[in-house]
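Some features that TrEMBL has for this protein:
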ACT_SITE  91  active site, proton acceptor
DOMAIN    97-339  domain 'Radical SAM core'
BINDING   111, 115, 118  [4Fe-4S] cluster binding site
BINDING   165, 166, 197, 219, 220, 221, 301  S-adenosyl-L-methionine binding site
ACT_SITE  344  active site, S-methylcysteine intermediate
Ligand code: SF4
């Protein structure tokens with residue numbers, strides 16, 4: 001079996017070159033051909049010695065992902081479904097804006113965290129993606145888009161690890177992929193333009209701060225532990241106080257001077273004035289330890305299995321006003337790609353649940369919903 005060179009960061013590729021008896025600088029040449037020029041064939045790599053080009057196919061290959069389908073939204077958003085084998089399909093989304101092109105990448109086939117408002121969470125968990133499968137999403141999208149849009153310069157300017165999966169539960173495969181994204185010989189993205197989003201895997205947040213401090217987004221979704229444990233089950237293991245302490249520690253290494261808190265607005269569940277006030281108090285308490293933050297309010301994208309509803313836009317704006325009046329930087333996320341099920345929380349792919357999460361969630365759904373105070377209200381702006 002030969003090695004997929006997409007599995008390596010530059011250091012890994014240099015070590016691979018040494019196993020072939022080649023100098024380490026060959027890795028830089030290979031790296032540029034693979035990631036900057038999108039080469040999949042060693043014959044294309046004309047500045048490599050002919051003897052190396054002939055030697056490589058016996059031990060290496062460059063294999064991206066198999067496309068199942070592509071969906072184009074009216075707003076320019078593009079979603080791809082990729083077949084990663086054994087019945088697992090993952091999703092990747094490109095979101096174009098006037099000043100940037102953001103790619104939302106998956107880190108796992110499914111997810112074991114099981115957040116109640118997330119389609120992926122309801123699907124259960126199959127397996128971790130490999131580094132090649134994570135970076136392969138960027139490799140494919142970047143080179144496809146250059147061709148599709150007829151551009152020779154970089155199209156993807158920002159990456160967010162907000163697709164399917166909890167990236168920090170797949171740390172060993174994530175880390176080399178992040179390094180490839182940042183490497184000037186590959187994609188050369190700045191650390192501020194690569195965001196890892198986590199539901200709060202505290203020990204791995206500390207590891208990421210040391211190993212590769214990129215921008216951090218944290219899925220908060222509630223101002224107190226009982227409610228957050230209902231919405232994000234990982235909160236039982238790493239409660240809010242521990243999570244915010246980890247955010248403060250992360251901030252000293254972070255490339256941005258704030259941590260982004262994601263807050264999915266759920267009608268009658270976490271969107272009341274009292275929740276906003278609790279959030280303000282919580283953040284004031286933690287600002288003493290140096291934590292500064294930005295809130296991103298996300299209108300929920302409903303799906304039947306969740307049993308949850310989207311907050312009305314007036315409710316979202318009233319919530320935002322309380323945060324803003326308290327001096328907190330707050331934005332409301334624009335929904336993009338919802339006509340192709342590519343909006344936040346809608347990514348579901350198709351995975352074989354090997355952990356029973358799906359079944360567990362279905363049987364717990366009733367019981368868990370009893371623990372959430374739902375205020376009935378008409379939905380709609
Ligand atoms: S929100 Fe993220 S961590 Fe939670 S279930 Fe969905 S993919 Fe997993």
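Cβ atoms are placed via backbone N, Cα and C, with glycine included.
Structural mapping of features recorded in TrEMBL.
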residue	record	Cβ within 10 Å
91	active site, proton acceptor	26
115	[4Fe-4S] cluster binding site	23
118	[4Fe-4S] cluster binding site	26
165	S-adenosyl-L-methionine binding site	30
166	S-adenosyl-L-methionine binding site	26
197	S-adenosyl-L-methionine binding site	20
219	S-adenosyl-L-methionine binding site	27
220	S-adenosyl-L-methionine binding site	29
221	S-adenosyl-L-methionine binding site	26
301	S-adenosyl-L-methionine binding site	21
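The 10 Å shell around the Cβ of residue 111 ([4Fe-4S] cluster binding site) contains 30 further Cβ atoms across the protein chains shown.
Note: the Cα of residue 301 (S-adenosyl-L-methionine binding site) and the Cα of residue 118 ([4Fe-4S] cluster binding site) are spaced 9 Å from each other. Listed in sequence order, the binding-site residues among 111, 115, 118, 221 whose CB lies under 6 angstroms from an atom of ligand 1 come out as 111, 115, 118. Annotation note: residue 219 (S-adenosyl-L-methionine binding site) sits in a strand segment as assigned by DSSP. Secondary structure at the residue listed as 'active site, proton acceptor', taken from DSSP and collapsed to helix, strand or coil, is strand.
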